[in-house]
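In TrEMBL this protein carries:
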| type | residues | note |
| --- | --- | --- |
| DOMAIN | 4-284 | domain 'UvrD-like helicase ATP-binding' |
| BINDING | Ala25, Gly26, Ala27, Gly28, Ser29, Gly30, Lys31, Thr32 | ATP binding site |
| DOMAIN | 285-559 | domain 'UvrD-like helicase C-terminal' |
Amino acid sequence: MDINTLNEPQKRAVLQTEGPVLILAGAGSGKTRVLTHRTAYLIEEKGVNPYHIMAITFTNKAAGEMRERIDDMVGYGSESIWVTTFHSTCVRILRRFIDRLGFATNFTIYDADDQKTLMKDLLKRLNIDTKIYKEKMFLAAISSAKDELIGPTEFALNAAGDYVKEKQALVYREYQQALKKNNALDFDDLIFYTVELFKTDAEVLDYYQERFRYIMVDEYQDTNTAQFELVRLLAGKYKNLCVVGDDDQSIYKFRGANIYNILNFEKYFPEAVVIKLEQNYRSTQNILDAANQVIANNRGRKEKRLFTLNGEGEKIAFHQFETGYDEAEYVARDITEKVYKQGYQYKDCAVLYRTNAQSRMFEEKFVVSNIPYKIVGGVNFYARKEIKDLLCYLKTIDNASDDLAVRRIINVPKRGIGATTLNRVQEYAIAQDMSFYNALKVAEDIPSIGKASAKIRPFVLFIQAMRSKLGMISLVELLEEVIETTGYVKELEAEGTDEAEARIENIDELISKVAAYEEAEEQPTLSGFLEEVALVADIDSLEDESNYVVLMTLHSAKGLEFSNVYLAGMEDGLFPSYMSIMSDNAAEEIEEERRLAYVGITRAKENLSISCARQRMIRGETQYNKVSRFVREISPELLAGAIKKPKIEDLPMKKAYQQAKEEFRKKPFAATSYSTPKNFGTAQKIALTYGVGDRVRHMKFGEGSVKGIVEGGRDYEVTVDFDTAGVKKMFASFAKLKKI
Ligand SMILES: Nc1ncnc2c1ncn2[C@@H]1O[C@H](COP(=O)(O)OP(=O)(O)OP(=O)(O)O)[C@@H](O)[C@H]1O
Ligand SMILES: [Mg+2]
């Protein structure tokens, strides 16, 4: 490692190996780089055993990149450094010691889908009306409680006297019990239980404190209370803790990230050395200026100065399009030009957007333009039906204590086992306090199911047979045998549709993934593979060696950098979202969105393109949006392309009117059959019978509350927060809202 590749404050941060260190600095200033160099320095210059070092970061992708950089620098012994995410750190610890908390160490990890299924079942069992109390609401409440390290008992104490909270407390308790019965943990549990383990078992804590004498945390601004507590406990003995972060990039408040962790750091560790980095090495001056101008609109932030020696660079391209399709077309063309005329590669380009749904249009245009691309997020590979089915087979073979997994596949492919039979098995399992799978095993003894047990028997025998082969055959062979015996692929082949074909390809991909796992691991096990899969965050679908454009949400882009960045859908209502604009604490929510904009802008090294559309279909509704306030916060000198007011001819109602006139002129004699186009007639402003705050009913969307009314020239624009359909903005004369 050459320390002279670092600037002065970076050097100081690397050399300060002992005691707590807080590095607070803006985007692209080399925070992550400091951490990798520090690791190399500890080993090479300080003679620290790699075994005693741990580096924690936020996404698997970031951990992978960090691992690579460390491997390059350190060489021998680097594999014993723990370079991981919070979640995988906890999985590793819990796999070893969770039996001390009464779980079996081969626990299953539930993803969001599993959680939902479990919650649905639970609410049904508790007779809770999901029309009034949504499962999402319970899951969110439970998740935030866990982030704050509040367990079911404490939650119940705090809830006393509050009807909804008391209900949540009941559900929380039952939910935890159901998880425990299935020997399963959800993602938040991973952190929660590790902290609990450390707090209740001095021996385990001491073991890990001794092991991890040097701890580093990247993206510290996004840690929540539970994660902070985890780090604080781990570093409690040696106090060699170095955290790096940027308060302007804190974008996970909705997941409980706690900005006070930065402020509290100095409180918990009063001896902490604080280091600031001020030189940005990533972006051009124009990009940096734009980022700074935007973030300057947030109040109560720590003012930071960032400079760059990278030169002014290109201006920021700005384009406002008519529709999302036009926008996608432009991005496709521009990328093609960058690749064919300017010598960039596809992987130098990234399209960033606020919501996953925006990816579809880009995908369509990229397919026709022959642009290789990869969508990060959206339908995660592991969330696809066929992959989940096969994984549930593997889970059942590995650990049939997961009822959800067993129930998912008991009839897939169809075995002619009826719903009534399954319900009876379930009832029996509950009555006997056994797992669903164990109940299947003794199906013959369940009096109410009669002959149906004959259909269950082969399934149980099959699982037992596969189990007995564990360790004898490779995992690939195991998976292939599952596919063969169940006839899963055969059934798809028989279907013969394109969709079935795509599913078979995905299954092939799963087999490759199992093979890759077996190759990489010294001691591959089925549990090990399932554990790895459970932790794959969306971002992991990125493979570095391939050359493709990356499409992802702004949240997933944190910590990454690209030569060319396209920020798409920069419209008020989309980004910042209506949810934030309409929220009760809009000021705060919009500040969080603005930090997200800052993250987006600062991903760009050389070229930044910002675009938006005047009209956009969102969940089947056309919305007419203004240019995002975040774009308007950038001074016009930095932008190539002006922000124009839309011309009146371009307005949708005017267009519709003209179209109607046109049609009328063409078919003068068909006038009787002429029907008014949808957007026609807005010139007549109707008198409103409702006001902000009123409850209203819409024919399609049902009931909701009026959140805002804006008087336009021709019509009122009404924003309604529908109980089920979410927030919609609509013209009063079309919406025909009725006050209720
Ligand atoms: N002293 C330096 N000399 C040369 N290049 C540097 C130096 N410091 C950082 N860089 C480069 O600048 C870029 C940004 O660095 P890095 O990703 O570490 O920044 P960061 O502060 O972690 O950014 P973010 O806040 O976005 O996570 C990287 O390409 C890195 O290699
Ligand atoms: Mg970083």
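Backbone N, Cα and C atoms are what each Cβ position is placed from, and that goes for glycine too.
Listed in sequence order, the residues of the same chain lying 6 or more apart from Ala25 (ATP binding site) and placing their CB within less than 8 Å of its CB are Lys31, Val244, Asp246, Ile275, Lys276, Leu277, Glu278, Lys304. In sequence order, Thr57, Ala62, Met66, Asp218, Val244, Gly559 make up the list of same-chain residues 6 or more apart from Thr32 (ATP binding site) whose Cβ falls under 8 Å from its Cβ. Shown in sequence order, Asp246, Asp248, Leu277, Glu278, Asn280, Lys304, Leu306, Thr602 are the residues of the chain, 6+ apart in sequence, with a C-beta less than 8 angstroms from the C-beta of Gly26 (ATP binding site). Here Gly30 (ATP binding site) comes close to Leu6, Asn7, Gln10, Leu277, Gln279, Tyr281: these same-chain residues lie at least six apart in sequence, with C-beta atoms under 8 angstroms from its C-beta. Taking a C-beta cut-off of under 8 Å and a sequence gap of six or more, Ala27 (ATP binding site) has these contacts in its own chain: Asp246, Asp248, Gln249, Asn280, Arg282, Ser283, Ala291, Leu306, Tyr598, Val599, Thr602. Within 8 A of the CB centroid of the ATP site residues Ala25, Gly26, Ala27, Gly28, Ser29, Gly30, Lys31, Thr32, the other residues of that chain are Asp246, Leu277, Asn280, Arg282. Close to ligand 2, meaning a Cβ under 6 Å from one of its atoms, is not one of the binding-site residues Gly26, Ala27, Gly28, Ser29, Gly30.
In the vicinity of ligand 1, defined as a Cβ distance under 6 Å, the following of the binding-site residues Gly26, Ala27, Gly28, Gly30 are placed: Ala27, Gly28, Gly30.
The secondary structure of Ala25 (ATP binding site), as reduced to three states from DSSP, is extended strand. If you take every residue in the domain 'UvrD-like helicase ATP-binding' (4-284) and average the pLDDT, you get 92. A helical conformation is recorded for Thr32 (ATP binding site) in the three-state DSSP classification. Other Cβ atoms within 10 Å of the Cβ of Gly28 (ATP binding site) number 26 in total over all chains.
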